[in-house]
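Some features that Swiss-Prot has for this protein:
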SIGNAL    1-16  signal peptide
DISULFID  CYS77-CYS92  disulfide bond
DISULFID  CYS84-CYS97  disulfide bond
DISULFID  CYS91-CYS112  disulfide bond
Amino acid sequence: MKTIIVFLSFLVLVLATKFGDANEGVNREQTKEVIQNEFRGDFLNEMAAMSLLQQLEAIESALLEKEADRNSRQKRCNGNNVPCGPDHPPCCSGLSCEETFGYGWWYKSPYCVRPSKG
């Protein structure tokens, strides 16, 4: 009796291995298809991610340029009693570039002064 049980167990094991091998070829093909589709999908997803990354970098650079323009200082201006003219920065608001007393013989350039009333 024990011999028959061992023989039947061996037979079941051989048959399971045999039929398992028959389905393995189909399983391998299905596995290859799944892997190819996953890699194809991953490739497309990676391309979409790269495109999105490039778009984000372009937007970020545009925003940084705008922010740099917004935070940039205005050109400096000359204050009161400071030389002005074509070789110097312009006078600040509220001041005008005028030829004061001594211009020509003492001073080489006009100066930023408050405009005279009158």
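Glycine too: its Cβ is placed from the backbone N, Cα and C atoms.
For the pair CYS77 (disulfide bond) and CYS84 (disulfide bond), the C-alpha distance works out to 9 angstrom. Put simply, CYS112 (disulfide bond) is 5 Å from CYS97 (disulfide bond) when counted between their Cα atoms. Counted over every protein chain shown, other Cβ atoms within 10 Å are most numerous around CYS112 among the disulfide-bonded residues CYS84, CYS112. Around the Cβ of CYS91 (disulfide bond), the same chain contributes CYS77, ASN78, VAL82, CYS84, CYS97, CYS112, each under 8 angstroms and 6 or more positions distant in sequence.
Sequence-distant contacts of CYS92 (disulfide bond), defined as residues of its own chain at least six apart whose C-beta falls under 8 angstroms from its C-beta, comprise CYS77, ASN78, GLY79, CYS112. With the fewest other C-beta atoms within 10 Å around its C-beta, CYS77 stands out among the disulfide-bonded residues CYS77, CYS97.
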